[in-house]
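Structure record follows, encoded as structure tokens.
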Amino acid sequence: MRIDIISVAPNLLESPFNHSIIKRAQDKGLAEIVIHDLRKFGLGNYKQIDDTQFGGGAGMVLMIEPISNCIKQLLVERNYDEVIYMTPDAKTLNQSTANTLSLKENILILTGHYKGVDQRIRDKYITKEISIGDYVLTGGELAAAVLVDAVVRLIPGVIGDEQSALTDSFQDNLLSPPVYTRPAEFEGMKVPDVLLSGNFPKIDDWRSNQAYKRTQQIRPDLLKDE
Ligand code: ADE
């Protein structure tokens, strides 16, 4: 999968993609992540990328020309299955969206800053808008990093143990059951007997029950979505 990201703060995106599983996915050739500095497409000597809003009001807006020029240049090289704009005023990212996106070949992500981007960019180029939650970040970079992490780890071969991604929280709209590892007893706290029983159908049952209970307690809204 190829992921292009347009950003006014490309440095913010370096660290999340250069470590651990996402780095390994790139090293293995399973994901190619390329970051484009919007400033390079800025206008005039000052490389201007933002301006005040028409109609007045606080906050700067990312201008249409730099973004349009950047997207047009990228479109010369390849077509995108989705052109995504990271913004708090959109539907919230969930596992189902991550699953769908992990099957795509080319994705372009535009990250906003300040008051956002000129609406005409959204109207013309954006095919999907994604928020990572009902709060406002200083820019879309960290949101894009969250999206890319959630998507790339689902690409087959990225996580060694395939089962591990499939049994995550949310894959079946349920939170994960509790997990334990050695020692079987620590300061009087014991691992539930069933997990030590070797009876795998019983263990599966217990895990399903626990997942359901946890979801009911912490995120009952997930059960209503079904
Ligand atoms: N940009 C700023 N806040 C955001 C959010 N919550 N989700 C996606 N992009 C954003």
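Yeah, the Cβs are placed from backbone N, Cα and C, and that goes for glycine too.
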Which one, G112, G160, is listed by TrEMBL in the same S-adenosyl-L-methionine site as I132, G133, D134, Y135, V136, L137?
G112
Please compare the binding-site residues G112, I132, Y135, V136 by how many other CB atoms fall within 10 Å of each one's CB, and tell me which has the fewest.
Y135
Take the domain 'tRNA methyltransferase TRMD/TRM10-type' (1-224) and average the pLDDT across it for me.
95
Using all protein chains in view, find how many other C-beta atoms are within 10 Å of the C-beta of L137 (S-adenosyl-L-methionine binding site).
17
Starting from the Cβ of D134 (S-adenosyl-L-methionine binding site), draw a 10 Å sphere and report how many other Cβ atoms land inside it.
7
Set of same-chain residues at least 6 away whose C-beta sits under 8 angstroms from G133 (S-adenosyl-L-methionine binding site):
P88, T92, L93
